[in-house]
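Read the structure below first, then the notes.
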Amino acid sequence: MLEMDLRLLLPSLVPSSQSVYVLVFYFVYLAVAGEILPGKVIRGVVLSDGSQHRYRCNGLFALSLLVAILGISAKLGVLSPLVVADRGLELLSATFIFCVLVTLVLYITGRTSSDKSSSLKPHVSGNLLHDWWFGIQLNPQFIGIDLKFFFVRAGMMGWLLINLSILAKSFQDGSLSQSMILYQIFCALYILDYFVHEEYMTSTWDIIAERLGFMLVFGDLLWIPFTFSIQGWWLLHNKVELTVPAIVANFFVFLIGYMVFRGANKQKHIFKKSPKTPIWGKPPVVVGGKLLASGYWGIARHCNYLGDLMLALSFSLPCGISSPVSYFYPIYLLILLIWRERRDEERCAEKYKEIWAEYLRLVPYRILPYVY
Ligand code: NDP
């Protein structure tokens, strides 16, 4: 049985020329759109050599235009809206091959670079696997495009495009269900919101601290779009009956998750830019002039992770509770965020010293008040 499944599976993993064209079209579109479409230009954090990157945050415009172009092309019969849903595995393996190739090029260019700037200075440990996996340069570029920003954008947009193709497929084969609609609405809102607030991305850990190697490229280009959409693929082949109270509860999990996630990230972002801005109508409580201890940051030290986890759960709840497969994303995120929170706290303890200790006294919970 397993042998037969593998025999069926393996051919669909081999990328056809069409899947390569889809990827090439996608990357070329993103490169051109990212450069020419208008958008707010944001200065990134100041790097150790005093330089600052500029990011053109036009992701929402680029995504809307792309969806419009694809929608019109599908209407005119130029392109099948099922192109992704029908070639999921092929696209996945084509993307994987691309990740390997591009990171080998990054490895070679990093190793041979003699640049001294913070962005391009090579960090070589001498261990080939380590350097390829974690990357050598902080902000490598290709024809003037910041690759790190480019890949994360490609991954988030790719997730929406996969979902839309899955939606089209469920229309076509008559399996469109309430569960599929709920899943699609929640993910679309999350992704659109991400691009509305794209500038916040410029100060995240991945952008400011992580070098560009296989780990990040694979995470952005393959992991985000292909594994975060597992629920959609699952719903194409499984039927779930949802009761009205279950749908209402699912909406609440999404809305509360969104409120906490966006609210917490926004409060920190505003606090870093103008530390005196009131939080929930009151002057902010600040520890040692540096750490915010009011609003969501006074409830738990990583309320933003709590919100993100609730959102992840809301994307899986439409699938019911019959299979753990559709809970892959929230389970993965729970493990990732607990690990990340531990690493972040270690870094903050080292950076802020007694101020951090005072913050721990004021806000004793890590993610979930009274539990963790
Ligand atoms: P945070 O946005 O929580 O940033 C942590 C940093 O914020 C700390 O290192 C410190 O940096 C600063 N900080 C911490 N506490 C305070 C405080 N009380 N007051 C002021 N500054 C503080 O972490 P991430 O970049 O990891 O996450 C950003 C978002 O991305 C989160 O919402 C997370 O859920 C989401 N995410 C989603 C993932 C996914 O796969 N869906 C994966 C990873 C993240 P400093 O030294 O600058 O002060």
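Placed from the backbone N, Cα and C atoms, the Cβ positions cover glycine too.
Noted in TrEMBL for the protein shown:
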type	residues	note
TRANSMEM	20-38	transmembrane segment
TRANSMEM	59-79	transmembrane segment
TRANSMEM	91-109	transmembrane segment
TRANSMEM	150-168	transmembrane segment
TRANSMEM	180-196	transmembrane segment
TRANSMEM	216-236	transmembrane segment
TRANSMEM	242-261	transmembrane segment
TRANSMEM	281-299	transmembrane segment
TRANSMEM	311-339	transmembrane segment
State the residues, same chain only, that lie 6 or more residues beyond the ends of the transmembrane segment (311-339) and have a CB under 8 A from a CB inside it; answer 'none' if no residue qualifies. 178-180, 182-183, 186-187, 190, 227-228, 230-231, 234-235, 238, 240-242, 246, 249-250, 253-254, 257-258, 261, 302, 305, 367
Per the Cβ filter (under 8 Å) with a sequence gap of at least 6 from its ends, the transmembrane segment (216-236) is approached by 85, 88, 92, 95-96, 98-99, 102-103, 106, 135, 148, 151-152, 154-156, 158-159, 161-163, 166-167, 169-170, 173, 175, 177, 179-180, 183-184, 187, 206, 210, 315-316, 318-319, 323, 325-326, 328-329, 332
Based on Cβ pairs under 8 Å, which of the stretches 20-38, 91-109, 150-168, 180-196, 281-299 lies most in contact with the transmembrane segment (242-261)? 180-196
Does the transmembrane segment (20-38) reach the transmembrane segment (150-168), going by 3 or more CB pairs under 8 Å (6 or more apart in sequence)? yes
Counting Cβ pairs under 8 Å that sit 6 or more residues apart, are there three or more between the transmembrane segment (59-79) and the transmembrane segment (150-168)? yes
